[in-house]
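The structure appears right after this line, and notes come after that.
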Amino acid sequence: MNMDIFDNDLSIPVNLIRQWCFCPRIVYYQELLAIKPNKPLWVAQGEEFHKKVEQLEKRRSFSRYGLENAIRHFNLSIKSQKYKLHGIVDWVIETDTNVYVVEYKTNPNPNSLGHKLQIAAYALLVQEYFAKPCKTTFLTSDKKSYEIKITDELINKLIKTISDILSTLDSGNKPDSSASDHQCIQCEYYNFCNDR
(Lines of atoms letter the chains of each structure in order from A and count residues from 1; the text may use other names and numbers.)
(Lines give C-alpha, C1' and ligand atoms only; values in the text may rest on other atoms or scores of the structure.)
Protein backbone atom coordinates (compact mmCIF):
# COMPACT_ATOMS: atom_id res chain seq x y z
CA MET A 1 0.00 0.00 0.00
CA ASN A 2 1.49 3.33 -1.04
CA MET A 3 0.22 6.21 1.01
CA ASP A 4 -0.49 9.68 -0.28
CA ILE A 5 0.97 11.78 2.51
CA PHE A 6 -0.97 14.81 1.26
CA ASP A 7 -4.28 13.01 1.70
CA ASN A 8 -6.26 14.52 4.59
CA ASP A 9 -7.82 11.11 5.22
CA LEU A 10 -4.42 9.44 5.55
CA SER A 11 -4.44 6.53 7.94
CA ILE A 12 -1.71 4.06 8.69
CA PRO A 13 -2.17 0.31 8.88
CA VAL A 14 -1.99 -0.90 12.48
CA ASN A 15 0.65 -3.51 11.64
CA LEU A 16 3.07 -0.65 10.83
CA ILE A 17 3.11 0.23 14.53
CA ARG A 18 4.69 -3.10 15.45
CA GLN A 19 7.09 -2.76 12.50
CA TRP A 20 8.04 0.75 13.66
CA CYS A 21 8.88 -0.58 17.11
CA PHE A 22 11.07 -3.27 15.56
CA CYS A 23 12.82 -0.70 13.35
CA PRO A 24 11.48 2.63 12.02
CA ARG A 25 13.27 2.07 8.73
CA ILE A 26 10.85 -0.71 7.81
CA VAL A 27 8.09 1.89 7.57
CA TYR A 28 10.36 4.14 5.48
CA TYR A 29 11.32 1.39 3.01
CA GLN A 30 7.85 -0.10 2.80
CA GLU A 31 5.70 3.02 2.63
CA LEU A 32 7.88 5.78 1.19
CA LEU A 33 10.15 3.82 -1.13
CA ALA A 34 7.49 1.16 -1.87
CA ILE A 35 10.04 -1.65 -1.60
CA LYS A 36 8.20 -4.93 -1.26
CA PRO A 37 10.59 -7.76 -0.34
CA ASN A 38 9.64 -11.40 -0.59
CA LYS A 39 7.66 -12.61 2.38
CA PRO A 40 9.82 -14.55 4.81
CA LEU A 41 8.79 -18.11 5.64
CA TRP A 42 7.51 -17.11 9.08
CA VAL A 43 4.94 -14.75 7.51
CA ALA A 44 3.35 -17.62 5.57
CA GLN A 45 3.48 -19.75 8.72
CA GLY A 46 1.73 -16.97 10.63
CA GLU A 47 -1.04 -16.76 8.02
CA GLU A 48 -1.64 -20.52 8.28
CA PHE A 49 -1.60 -20.25 12.07
CA HIS A 50 -4.32 -17.56 11.96
CA LYS A 51 -6.59 -19.80 9.88
CA LYS A 52 -6.06 -22.76 12.21
CA VAL A 53 -6.68 -20.77 15.40
CA GLU A 54 -9.80 -19.10 13.99
CA GLN A 55 -11.32 -22.51 13.27
CA LEU A 56 -10.49 -23.69 16.80
CA GLU A 57 -11.84 -20.53 18.44
CA LYS A 58 -15.19 -20.84 16.66
CA ARG A 59 -15.76 -24.08 18.60
CA ARG A 60 -14.42 -22.98 21.98
CA SER A 61 -16.24 -21.38 24.88
CA PHE A 62 -15.25 -17.99 26.25
CA SER A 63 -13.98 -19.44 29.54
CA ARG A 64 -10.36 -19.00 28.43
CA TYR A 65 -11.01 -15.26 28.59
CA GLY A 66 -13.11 -15.29 31.77
CA LEU A 67 -16.30 -14.47 29.85
CA GLU A 68 -19.59 -16.26 29.30
CA ASN A 69 -22.16 -14.75 26.95
CA ALA A 70 -20.62 -12.92 24.04
CA ILE A 71 -20.61 -12.50 20.28
CA ARG A 72 -17.55 -13.28 18.15
CA HIS A 73 -16.39 -11.09 15.27
CA PHE A 74 -13.48 -12.45 13.20
CA ASN A 75 -11.24 -10.49 10.82
CA LEU A 76 -13.05 -7.20 11.34
CA SER A 77 -11.85 -4.38 9.03
CA ILE A 78 -12.00 -1.02 10.78
CA LYS A 79 -10.79 2.49 9.92
CA SER A 80 -10.71 5.53 12.19
CA GLN A 81 -10.23 9.05 10.88
CA LYS A 82 -9.95 10.25 14.48
CA TYR A 83 -6.91 8.07 15.20
CA LYS A 84 -5.62 7.95 11.58
CA LEU A 85 -5.50 4.15 11.77
CA HIS A 86 -6.95 1.21 9.91
CA GLY A 87 -6.55 -2.51 10.19
CA ILE A 88 -8.05 -5.96 10.38
CA VAL A 89 -8.66 -7.09 13.94
CA ASP A 90 -8.11 -10.84 14.33
CA TRP A 91 -11.01 -11.32 16.70
CA VAL A 92 -13.34 -9.14 18.77
CA ILE A 93 -15.38 -10.49 21.65
CA GLU A 94 -18.46 -8.33 22.22
CA THR A 95 -20.50 -8.43 25.42
CA ASP A 96 -23.43 -6.24 26.40
CA THR A 97 -21.13 -3.71 28.04
CA ASN A 98 -17.58 -4.17 26.67
CA VAL A 99 -15.47 -5.28 23.74
CA TYR A 100 -12.24 -7.28 23.93
CA VAL A 101 -9.57 -7.58 21.25
CA VAL A 102 -7.95 -10.97 20.75
CA GLU A 103 -4.73 -10.81 18.71
CA TYR A 104 -3.21 -14.09 17.54
CA LYS A 105 0.56 -14.54 17.48
CA THR A 106 2.58 -17.69 16.85
CA ASN A 107 4.98 -16.52 19.59
CA PRO A 108 3.13 -13.96 21.70
CA ASN A 109 5.34 -11.77 23.84
CA PRO A 110 3.31 -9.80 26.40
CA ASN A 111 6.41 -7.70 27.18
CA SER A 112 7.03 -6.61 23.58
CA LEU A 113 6.28 -2.91 23.14
CA GLY A 114 5.40 -3.57 19.49
CA HIS A 115 2.82 -6.20 20.44
CA LYS A 116 1.38 -3.99 23.20
CA LEU A 117 1.07 -0.93 20.96
CA GLN A 118 -0.45 -2.95 18.13
CA ILE A 119 -3.12 -4.43 20.37
CA ALA A 120 -3.75 -1.00 21.97
CA ALA A 121 -4.32 0.43 18.48
CA TYR A 122 -6.86 -2.29 17.76
CA ALA A 123 -8.49 -1.53 21.13
CA LEU A 124 -8.96 2.12 20.12
CA LEU A 125 -10.43 1.07 16.78
CA VAL A 126 -12.96 -1.38 18.23
CA GLN A 127 -13.86 0.95 21.08
CA GLU A 128 -14.80 3.63 18.54
CA TYR A 129 -16.49 1.16 16.16
CA PHE A 130 -18.68 -0.53 18.79
CA ALA A 131 -19.09 2.55 21.05
CA LYS A 132 -18.19 0.36 24.03
CA PRO A 133 -15.10 0.43 26.25
CA CYS A 134 -12.14 -1.84 25.48
CA LYS A 135 -9.86 -1.86 28.51
CA THR A 136 -8.79 -5.50 28.39
CA THR A 137 -7.25 -7.32 25.43
CA PHE A 138 -5.72 -10.73 24.89
CA LEU A 139 -2.50 -11.68 23.13
CA THR A 140 -2.93 -15.34 22.37
CA SER A 141 -1.45 -18.40 20.70
CA ASP A 142 -3.11 -21.76 20.21
CA LYS A 143 -1.97 -22.78 23.71
CA LYS A 144 -1.73 -19.68 25.91
CA SER A 145 -3.36 -16.28 26.37
CA TYR A 146 -1.91 -13.17 27.99
CA GLU A 147 -4.16 -10.42 29.26
CA ILE A 148 -3.00 -6.94 28.25
CA LYS A 149 -4.64 -4.01 30.06
CA ILE A 150 -5.14 -0.85 28.02
CA THR A 151 -3.82 1.89 30.29
CA ASP A 152 -3.53 5.65 29.78
CA GLU A 153 0.25 5.24 29.71
CA LEU A 154 0.02 2.69 26.90
CA ILE A 155 -2.39 4.89 24.91
CA ASN A 156 -0.04 7.88 25.33
CA LYS A 157 2.87 5.81 23.96
CA LEU A 158 0.65 4.71 21.08
CA ILE A 159 -0.40 8.28 20.21
CA LYS A 160 3.28 9.37 20.25
CA THR A 161 4.24 6.44 18.01
CA ILE A 162 1.46 7.25 15.52
CA SER A 163 2.64 10.88 15.50
CA ASP A 164 6.26 9.79 14.91
CA ILE A 165 5.23 7.54 12.02
CA LEU A 166 3.13 10.26 10.40
CA SER A 167 5.98 12.78 10.83
CA THR A 168 8.41 10.42 9.13
CA LEU A 169 6.00 9.83 6.27
CA ASP A 170 5.46 13.58 5.96
CA SER A 171 9.16 14.52 6.05
CA GLY A 172 10.33 11.72 3.76
CA ASN A 173 13.57 11.43 5.73
CA LYS A 174 15.06 8.04 6.50
CA PRO A 175 14.79 7.58 10.27
CA ASP A 176 17.61 6.45 12.50
CA SER A 177 17.54 2.84 13.57
CA SER A 178 18.11 1.53 17.06
CA ALA A 179 17.77 -2.07 15.90
CA SER A 180 20.27 -4.56 17.24
CA ASP A 181 22.44 -6.73 15.00
CA HIS A 182 20.14 -9.62 15.91
CA GLN A 183 17.10 -7.65 14.70
CA CYS A 184 18.87 -6.57 11.51
CA ILE A 185 19.70 -10.14 10.55
CA GLN A 186 15.98 -11.03 10.77
CA CYS A 187 14.87 -8.03 8.71
CA GLU A 188 13.72 -8.41 5.12
CA TYR A 189 15.09 -4.89 4.43
CA TYR A 190 18.58 -5.69 5.75
CA ASN A 191 20.20 -5.35 2.31
CA PHE A 192 18.81 -1.82 1.90
CA CYS A 193 20.51 -0.37 4.98
CA ASN A 194 24.00 0.68 3.87
CA ASP A 195 25.02 1.75 7.37
CA ARG A 196 24.30 -1.52 9.16
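Quick reminder: no glycine exception, Cβ is built from N, Cα and C everywhere.
Per Swiss-Prot, the features are:
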- Cys23, Cys184, Cys187, Cys193: [4Fe-4S] cluster binding site (BINDING)
- His50, Asp90, Glu103: Mn(2+) binding site (BINDING)
Spatial separation of Asp90 (Mn(2+) binding site) from Cys184 ([4Fe-4S] cluster binding site) - C-alpha basis, Å: 27
Helix, strand or coil at Cys184 ([4Fe-4S] cluster binding site) [DSSP, three-state]: helix
Cβ neighbours within the same chain of Cys23 ([4Fe-4S] cluster binding site) - under 8 Å, at least six residues apart: Ser177, Ser178, Ala179, Gln183, Cys184, Cys187, Tyr189
Pairwise Cα distance for Asp90 (Mn(2+) binding site)/Cys193 ([4Fe-4S] cluster binding site) [Å, integer]: 32
Pairwise CA distance, Glu103 (Mn(2+) binding site) versus Cys193 ([4Fe-4S] cluster binding site), rounded so that it is a whole Å: 31
Among Cys184, Cys187, Cys193, the most crowded of the binding-site residues [Cβ within 10 Å]: Cys187
Neighbour tally for Asp90 (Mn(2+) binding site), based on other Cβ positions within 10 Å of its Cβ: 22
